[in-house]
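Peer 1: Feature annotation from TrEMBL assigns active site, cysteine sulfenic acid (-SOH) intermediate to CYS53. Annotation comment: TrEMBL describes 10-158 as domain 'Thioredoxin'.
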Amino acid sequence: MPDKINVGDSLTDLPGYSKKLPSNDGEERSLSQYNGEKSVVLFFFPRAASTGCTKEVCSFRDSYNEFQSAGAQVIGISSDSPAALSDFAKAQRAQYPFLSDANGELRKELGVQGNLLGFVPGRETFVISKEGVVLLRFNDGLHFNKHVQEALKCIQKQ
């Protein structure tokens with residue numbers, strides 16, 4: 001397994017691509033379930049209900065219809081419990097699923113680095129094609145709205 005996944009890499013052979021993770025709505029979901037149907041915008045965020053994460057989640061919420069129109073499924077992911085993610089999704093009126101990567105396996109597999117000397121999980125966004133290929137990898141811990149802008153720009157180019 002590579003140390004870091006890059007643009008152009010296929011995720012289909014990674015165990016985490018097809019592994020089902022618990023979600024905020026009680027369902028178990030995997031990235032592979034969208035294969036052939038939709039591109040996926042997968043954004044990792046450090047912690048539900050923190051200030052920066054709330055801004056980012058709301059920014060994705062506000063652009064959700066644009067992502068849907070472009071044929072993309074937005075998915076948020078953090079190490080929070082499914083119950084915490086459910087409360088957070090309801091509080092922010094998010095229309096898209098949140099996955100719980102409680103032990104950080106998918107985060108590690110994709111090479112998402114932590115912030116603050118690794119004590120805080122990192123903030124990173126991936127755009128994954130219908131075929132499971134990484135089209136965008138964007139990392140910016142400070143400019144939360146830029147994750148949405150970059151992902152939308154990438155999706156609209158397809």
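Heads up, the Cβ atoms here are built off N, Cα and C, so glycines get one too.
Unlike curated entries, TrEMBL annotations are predicted automatically.
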Peer 1: Output, ordered by sequence, the same-chain residues six or more apart from CYS53 (active site, cysteine sulfenic acid (-SOH) intermediate) with a CB under 8 Å from its CB, or 'none'.
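Peer 2: PHE45, PRO46, ARG47, SER78, ARG123, PHE144 - these are the non-local Cβ neighbours of CYS53 (active site, cysteine sulfenic acid (-SOH) intermediate), listed in sequence order.
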Peer 1: Determine how many residues of the domain 'Thioredoxin' (10-158) DSSP places in helix, in strand and in coil.
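Peer 2: Going by DSSP assignments, the domain 'Thioredoxin' (10-158) contains 57 helix, 36 strand, 56 coil.
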